[in-house]
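Peer 1: I have a structure here, written as structure tokens, and I will follow up with some questions on it.
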Amino acid sequence: MSSQSKRREMDVMKLMMNDYVVETINDVLNEFIVGFHGPKESLYEGGVWKIRVELPDAYPYKSPSIRFVNKILHPNVDETSGSVCLDVINQSWSPMFDLLNIFEVFLPQLLLYPNPSHPLNRDAASLMMKDRKQYDRKVKEFCELYAKKENIMKPTAGEETDDDEDVTDEETCSSDDEIDGRADP
């Protein structure tokens, strides 16, 4: 077993030992889903998101791909793909970081301190800058609609359900006029 494979296994084990739910995709450690809880004392508190993690063959020397599977309203998360705009993952990655850093430091910091100046979701950034109270209400509404624990982490590893398809369908719907938080009929 290569040192990269050992590191991959060790990092995934660290997540599980720290009470993260990890669901492998196709029973390999290159792709998996991690249950992520919104940070305490934030607009996202109480929400649970599925985060899809893809580890490149060169991990930990090359950064993982991270994306939200279920919808989240945030200026630095692409509303369609769930991709995350986070410099430390996308540009400043170092093998000194591990998956636990992503889930205990980087993602919570992203949610606590959104940066509307460099958005992936222009609608969310615009709303945040123009009407902070309305933005806060929309974030909480998205948490209610798309990030309830009982709706998110139901399937077990390897199980295919219609719920997974529904989340993907919801991700692709958006309105150009305003962010309304519901899929278009």
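Note: Cβ is positioned from N, Cα and C throughout, glycine not excepted.
Pulled these features from TrEMBL for this protein:
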- Cys85: active site, glycyl thioester intermediate (ACT_SITE)
- 159-179: compositional bias 'Acidic residues' (COMPBIAS)
- 3-148: domain 'UBC core' (DOMAIN)
- 153-185: region 'Disordered' (REGION)
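Describe the structural context of these features.
Peer 2: When pLDDT is averaged over the domain 'UBC core' (3-148), the result is 94.
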Peer 1: Tell me the residue counts in helix, strand and coil for the domain 'UBC core' (3-148), as DSSP assigns them.
Peer 2: 57 helix, 28 strand, 61 coil
